[in-house]
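Features reported for this protein in TrEMBL:
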ACT_SITE  LYS76  active site, charge relay system
ACT_SITE  SER151  active site, charge relay system
ACT_SITE  SER175  active site, acyl-ester intermediate
DOMAIN    22-463  domain 'Amidase'
Amino acid sequence: MHNLTIAELVKGLQEKAFSSVELTQHFLARIAKLDANYNAVITVTADQALKAAAAADKRLAAGDAPALCGVPILHKDIFCTDGVRTSCGSKMLDNFIPPYNATVVENFEQAGAVVLGKTNMDEFAMGSSNETSFYGPVKNPWASDSVPGGSSGGSAAAVAARLAPGATATDTGGSIRQPAALCGITGLKPTYGRVSRWGMIAFASSLDQGGPMARTAEDCAILLNCMASYDDKDSTCIDREVPDYSATLNDGIKGLKIGVPLEYFSEGLDPETEKAVRTALAEFEAQGAELVEISLPNTGLSVPAYYVIAPAEASANLTRFDGVRYGYRCENPSDLNDLYTRTRAEGFGDEVKRRILIGTYCLSAGYYDAYYGKAQQVRQLIQQDFEKAFQQVDVIMGPTTPSPAFKFGSKGDDPVAMYLEDIYTIATNLAGLPGMSVPCGMVDEKPVGLQIIGNYFDEARMLNTAHQFQQATDWHTLTPEGIA
Ligand code: GLN
């Protein structure tokens with residue numbers, strides 16, 4: 001059952017080929033048996049899942065089943081879940097049990113999905129390797145000595161290892177696409193404002209966006225149908241009709257104009273990864289699409305601009321973790337200052353502290369204009385690059401990451417090397433554009449991802465493009481050894 005796609009599971013449940021309780025027991029048993037190898041799941045909600053599955057079976061029997069009725073999924077541990085610990089990968093929230101559901105969680109509940117548990121992640125979603133999690137690193141199912149990517153590495157590894165058919169994730173600078181690429185699955189970061197951020201623990205509010213991870217583009221379409229909604233509880237959520245993303249998957253892509261940015265194929269890109277991506281581009285050409293060389297001249301400035309803006313926003317967002325309101329509190333504080341200082345010193349990990357320091361520095365009087373103001377100007381330039389490009393082309397394609405999954409510890413001492421992992425993904429977050437990653441090859445027995453960037457709210461076209469690619473290739477069906 002774990003090799004079926006979400007589309008197949010929906011059908012199987014409706015045709016009563018299996019029940020949701022059977023399906024849920026099957027995935028819970030896989031998590032219990034296999035997750036010790038991956039560390040992808042922080043919290044398993046077995047009792048709740050089985051109860052939800054039994055309720056789903058009743059609705060299925062009554063012929064009153066919503067879209068995802070009885071389908072098991074996992075939530076990234078950044079989405080607040082009513083009555084279930086939501087840690088955000090941090091010691092700071094190790095004891096935090098939210099009294100409400102995030103809108104995304106609520107949407108899945110309304111759609112009848114069954115939540116198996118919460119996935120591991122980099123602490124507060126800061127990282128590209130899952131090595132910053134308080135709960136320990138996640139292992140890549142393709143190579144146990146290598147990272148799964150981050151920050152949504154738990155969700156990506158869980159889907160790759162067939163511990164769940166799909167999972168939620170978030171992307172601030174690449175955290176859906178990069179782990180999807182490194183784990184050989186499909187992931188989509190929607191347009192900023194498409195998916196509600198309410199109840200999604202904030203990292204950098206002008207960049208954060210939730211999105212789906214699954215094995216196929218078809219499944220991502222099904223999940224996005226459920227995730228995307230207008231929500232008046234999130235003032236940045238955009239009131240715009242949600243199309244049926246499944247309806248246009250089979251449209252032809254003849255005549256599609258694909259922009260290939262020069263800057264995404266330059267120094268730093270592993271030659272074998274480049275080869276896999278170019279082979280994928282040729283497949284699109286074979287299907288009648290047209291490749292157009294384009295330039296995104298400010299690409300090189302995206303990492304520096306991001307590492308001013310994201311830490312600045314993080315430093316403001318994370319002030320709420322002070323030992324007073326919720327989460328970790330140090331023992332026996334001598335006074336208020338000691339409470340703040342020790343709570344934060346003991347509760348946050350090194351990478352989070354580094355970001356808070358950088359962010360606070362950039363925002364301080366005297367430096368604000370030089371750093372934060374400047375980075376916002378660069379952000380504008382990056383956005384204009386894309387605007388110009390989309391006057392010429394329908395989608396943009398390139399590699400998701402410079403190379404396949406790297407080994408644990410190999411970038412641990414050098415934060416900048418780690419930051420460069422997101423060189424191809426960060427610009428879309430700065431511009432607010434949607435992006436996805438689709439498996440497109442293997443290098444050294446590790447997966448490679450093709451990135452598809454779309455224009456604002458053009459997720460349907462991206463999913464259609466990815467689906468057509470997956471109809472003609474089988475990279476998304478490959479299974480890591482020992483999983484089947
Ligand atoms: N790797 C990037 C960072 O560390 C992006 C993380 C993310 O998208 N959440 O900030």
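Just so you know, the numbers here start at 1 and follow the chain as drawn.
For all residues, glycine too, the Cβ spot is worked out from N, Cα and C.
Nobody curates TrEMBL annotations by hand; they come from automatic prediction.
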Q.
Does any of LYS76, SER151, SER175 have a Cβ within less than 6 Å of an atom of ligand 1? These are the active-site residues; tell me which, or none.
A. SER151, SER175
Q | C-beta crowding around LYS76 (active site, charge relay system), within 10 angstroms | A | 32
(Q) Considering every residue in the domain 'Amidase' (22-463), what is the mean pLDDT value? (A) 97
Q) How big is the gap, in Å, between the Cα of LYS76 (active site, charge relay system) and that of the residue listed as 'active site, acyl-ester intermediate', rounded to a whole number? A) 11
Q) Under DSSP, is the residue listed as 'active site, acyl-ester intermediate' helix, strand or coil? A) coil
Q: Determine, from DSSP, whether SER151 (active site, charge relay system) sits in helix, strand or coil.
A: coil
Q: Name, in the order they occur in the sequence, the residues of the same chain whose CB lies under 8 A from the CB of SER151 (active site, charge relay system) and which sit 6 or more residues away.
A: GLY89, MET121, ASP122, ALA125, MET126, GLY127, SER128, ASN130, THR132, THR170, THR172, SER175, PRO179
